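Enquirer: Just lifted these from TrEMBL, have a look:
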type	residues	note
ACT_SITE	158	active site, proton donor/acceptor
ACT_SITE	162	active site, proton donor
BINDING	11, 12, 13, 14, 15, 16, 101, 102, 103, 125, 126, 127, 128	NAD(+) binding site
BINDING	159, 168, 169	(S)-2,3,4,5-tetrahydrodipicolinate binding site
DOMAIN	6-128	domain 'Dihydrodipicolinate reductase N-terminal'
DOMAIN	131-266	domain 'Dihydrodipicolinate reductase C-terminal'
């Protein structure tokens, strides 16, 4: 039997890390090789399988980034943006492909991704869900067909613990609309309040809600005087992002260096 693809998970003790470990436990193609947490984490030395609601897997949480990456075939990073530079430089050092799902990245982080991809293959997406990437594609199609005829609004709903707003997914939806419709950041509005002039036809508004334990809901609205089109995605289980992340890691096996997205992974 062929050897499985060995995956190091960075940010392994968090919500996404646990979900990825669960998916890998049942994968026929890939397996967990390392579970990396931050320096001084309370989870250091604990069994990553037990922590993820599985049976003991004897892969302990570690903060040794170099060892974990060097002994793996591919890397999935769902940590925090502050450690992205270390993750990318270590992957580059050991020539390991990496999937980056960390959200809240700045322009400088994205530039670092582009630069590093000149040396190794990278998949970066603000949302690894297969369904959300279909949402991206459908939004692009709708914008081409009726974008100049419609008032467009984006709604982003997440759990009360989420730190970044708007979400990376909402930002990606915004970027798709701006590029497709040849508009700029000056056309973007974040929420509304007070007495306002009549809505600018080219305006695109983003509304952010943070409440409860919502995993992630996104809707793009296209309003015309005669009808309304709503394109929505609602995540029901965090595993949807984990499944996409593992699929992306498997996509990178034997891939040429370069910066890829989930459209590449899914053939969209």
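Keep in mind that glycine also has a Cβ here, set from the backbone N, Cα and C atoms.
Can you walk me through where each of these features ends up in the structure?
Expert: A strand conformation is recorded for residue 158 (active site, proton donor/acceptor) in the three-state DSSP classification.
Note on residue 128 (NAD(+) binding site): other Cβ atoms within 10 Å of its Cβ, all shown chains, come to 28.
For residue 159 ((S)-2,3,4,5-tetrahydrodipicolinate binding site), the Cβ neighbour count at a 10 Å cut-off comes to 13, with all displayed protein chains included.
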Enquirer: Calculate the distance in Å between the alpha carbons (Cα) of residue 162 (active site, proton donor) and residue 101 (NAD(+) binding site), and round it to a whole number.
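Expert: Rounded to a whole number, the Cα-Cα distance is 15 Å.
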Enquirer: What number of additional C-beta atoms lies within 10 angstroms of the C-beta atom of residue 168 ((S)-2,3,4,5-tetrahydrodipicolinate binding site)?
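Expert: There are 17 of them.
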Enquirer: With the (S)-2,3,4,5-tetrahydrodipicolinate site defined by 159, 168, 169, which remaining residues of that chain have Cβ atoms positioned within 8 Å of the Cβ centroid?
Expert: 103, 126, 127, 156, 158, 162, 164, 167, 170, 216, 218
